[in-house]
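Q: Per TrEMBL, region 'Disordered' is recorded for 1-50, 74-98, 935-981. The compositional bias 'Polar residues' annotation in TrEMBL covers 24-46, 950-960. Among the features that TrEMBL reports, transmembrane segment is placed at 102-123, 135-164, 184-213, 239-256, 262-281, 395-415, 435-461, 540-558, 564-585, 597-622. Residues annotated as domain 'Amino acid permease/ SLC12A' in TrEMBL: 108-282, 382-678. Summarising the annotation, TrEMBL assigns domain 'SLC12A transporter C-terminal' to 693-811, 826-954. The compositional bias 'Basic and acidic residues' annotation in TrEMBL covers 967-981.
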Amino acid sequence: MLNNLTDTEEGEGGPNCQGDGNPKESSPFINSSSASDVEKSQQYNGKNMALFEEEMDNSPMVSSILSSLANYSNLPQGSKEHEEAENEEGAAPSKKKPAPSLGTLMGVYLPCIQNIFGVILFLRMTWMVGIGGVFGSFIIVFMCCSTTMLTAISMSAIATNGVVPAGGSYYMISRSLGPEFGGAVGICFYLGTTFAGAMYILGAIELLLIYILPQAAIFKMEGLEGADMEAAMLNNMRVYGTIVLSFMATVVFVGVKYVNKLALVFLACVILSILAVYAGVIKTAFEPPVFPVCILGNRTLISKGFDVCAKVIERDNGTVTTKLWKIFCDSEFLNATCDEYFANNNVSEIQGIPGVSSGILNLFGYYLEKGDFLEKRGISAMQDPEAVITNSNRYVLADITSFFTLLVGIYFPSVTGIMAGSNRSGDLRDAQKSIPIGTIAAITTTSIVYMSAVVLFGACIEGVVLRDKFGEGVDGNLVIGTLAWPSPWVIVIGSFFSTCGAGLQSLTGAPRLLQAISRDSVIPFLKVFGHGKANGEPTWALLLTASICEIGIIIASLDAVAPILSMFFLMCYMFVNLACALQTLLRTPNWRPRFKFYHWALSFLGMSLCLSLMFICSWYYAIVAMVIATCIYKYIEFAGAEKEWGDGIRGISLSAARFALMRLEEGPPHTKNWRPQIMVLVSVDAEHNVEQPRLLSLTNQLKAGKGLTIVGTSVVGTYLNNHAEAQQADQSLRKLMETEKVKGFSQVVISSNLRDGTSHLIQVGGLGGLKHNTVLVSWPRTWKHAEDNLRFRNFIEVVRETTAASMALLVPKNIAAYPSNGERFTEGHIDVWWIVHDGGMLMLLPFLLRQHKVWRKCKMRIFTVAQMDDNSIQMKKDLITFLYHLRIDAEVEVVEMHDSDISAYTYEKTLVMEQRSQILKQMHLTKNEMEREIQSITDSSRGSIRRKNPSNLRSQQSSGEPAGVSVEEKPEEEVQHSCCKSSDRLEDVLRKRTETSCPPATSWCYPTECC
């Protein structure tokens, strides 16, 4: 059969496609004409062939490497579509889209390389090695790279299980874990991408103002120190960051094609910069560059303001003070008063980059507090601990307090960007092959570069230079630039353009991610961001992205923004691993990834690493990110559009439901856990509308969403002829249940008559151990009319069947007069005429009703019956004590009645039985003795009934006593004659139940033992 399935279009599997030589049908429909069924077959192939849609691939087109480089783009799939739409404005639209032509190198590997290598490598990598040491930095790099590698394995499995369109990780998670998780993590990933744009812009501004054009600063920092200098720097970052953000947003708004044209330039800058660093490392082994660092005592001096690293020099046979002397002394003469630390310590000059053959290692960390001096290890200095520190602005100081977890948070953004390949799966010739190979190869490459960089930086550069974040001790050079060959400007210019390009790509990708979420309609208030220009450009989403990005610009610190986006990316990666693990463990039929080198244990390990890194980076940022995701999750669950994507959470729900049902099969529920599980029997009219809607109102008030509720009805007819009517009735039930806020299930059966349909509902309702134990049915309205005897006959059958099934029966009379869910009782009473032996059912029902807001302010009254010669006062005290132990607040009233008004059997079975039970407890009888005594009491009670009311004997036998033929075995005529001869006989039937210790006929509760 598989060989006969093919697409109808030639471009997607028509006559030009190669096959096995067997003839193929043009339509999957039997007896379909080729002219009339083309559209239908297209719809069939598009919507109903999900099992085989992975095999329906286009024929690949081979392109040369030069053409690939010319058309290289690092933009996501949606961005490229918008660019094509811009190019086609005003021209005739093409009839056929070009086939995907990107391979592993150009489509996955290089985009991932460009996204992973970023600003952190150029601006913070050397500082991290200096602060954390080679050991600590290697551990950080290894943890982060391991996390992304495990995530890439999980992502490859998900991405090769189908096509991943624009949206990337959002699409993966939402289709694997459902719209709630997908929307929550999608928003977090969007925020992470947006803050990444802010981080790249801040990095570009830092490169511009510190290393490229320091004189461009609006707020001058010369002569400032401490907090003033820091504030001036942050203000410069804010002003220039806002300007650059506005410019980039304008470029993206004008057209993504301009960003696309520069993608190859940005990629070349990244690759050339890294190659320049490795070339510089190799060169240091033979000819280290000259970057002297001036040390006073063991403190590193800022290299600006002096030309010679010495206090005095010999000139013209004399000793002359230097500019450094003038900085720390009040005059240029040798007898001047100088700074105490300057006077007590010597000035030395060390080589900032001794080279890889020098033998330095920088193995261990050197964590600093904010404001600490950068000191050279191994050099002693004379210092008075109580002396006041002066001229602190002449030393290189730590700008922030550093610790291990901070380094993790700052470094992690440098390993993100692994989704670049999966986001472009629609542009790949063979996505099933290219995504795993390209992504894992890119992560392997970048991991090797990062790990080798940690070792090489520690082996080539002096420790004080590594800890010098802004290169103040090496003439304001970028520290990694001092290592580069042939010039530090290669790194400065290359990193500047690469960070600008990364910022543009973030501002291009984030709005399209938000647009993908908005168009899925999972978050209602984001629908406006799904609209844009005529070509689909997300204008409103771009505006929101720029506004959120401005928040990161206002923070103005690269070290403060990096941990924020680390949280969001880690949460996204955590759920990618969770999605893969769940799909693997659930073994859903649709889980058939082409990538086979995955395992649920690896996914769980990756998820655990992501969660650990979140709290290692910043526990409070982690909590904030989780709170944001939880709020979005609950909002989507409450107000989001319902989507059925076959997600794994639904599979978990099915597995959990099956497990719970199997547990319920182990035995009946304990008394403490018992609650009425209600089957509501309703009838529908010819228009399939429910005739007793207040039954569902009462059900809601009685259940409040707890336990099992089944609303059932019966349709007369056959299944083949009346299936559509049954579906309409089911929709009507569901609609009414939603209106009345009844949480439960609807069930409609089709039967030849209503009596059998109701019987089927009572018998087959529920599943396994989750079955109803109570039936709720309204009192028949026209039971007194002889011409409408079918209603009360069906009602009597319900009474008998619930008796046979040992179920409780709730019969509300005049149900139309019951309160709706919108009404409120400000006062009133719920009266209960209590019969002791009912097991407390009559106590439980009003208690449950009072939990609902309709009945909450009503009080409960308990009425019990006593004979004239009984001790009513003592009975009332006993009943109050009993209610106290039941923890039920109620008023107690004892009604004294004459013997003729009380059924003898009712009296013997209730009051006397309760008294005898108390006596038996006091006698401390064994269980067998107690059962024999109870049986003797019961036998004597029945004997007294026969003596007092011999006329009732026949009624008891006809209602189910073993002696004689049962009601079910009698012919229909005899049943009608004995129970339903006329409409007035219905109360006699119910009176028989009353005489067998049932509640009065006016009550609407008939518990199990009464039946």
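First residue shown is number 1, and so on along the chain.
Keep in mind that glycine also has a Cβ here, set from the backbone N, Cα and C atoms.
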Q: Based on Cβ pairs under 8 Å, which of the stretches 262-281, 395-415, 435-461, 540-558, 597-622 lies most in contact with the transmembrane segment (135-164)?
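A: Most contacts with the transmembrane segment (135-164): 435-461.
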Q: Looking only at the domain 'SLC12A transporter C-terminal' (693-811), what is the model's average confidence as pLDDT?
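A: Across the residues of the domain 'SLC12A transporter C-terminal' (693-811) the model's pLDDT averages 85 on the 0 to 100 scale.
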Q: May I ask which of the stretches 435-461, 540-558, 564-585, 597-622 has the most CB pairs under 8 A with the transmembrane segment (395-415)?
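A: Stretch with the highest Cβ contact count: 597-622.
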Q: For the domain 'SLC12A transporter C-terminal' (693-811), what does DSSP give as the number of helix, strand and coil residues?
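A: For the domain 'SLC12A transporter C-terminal' (693-811), the helix, strand and coil counts are 61 helix, 24 strand, 34 coil.
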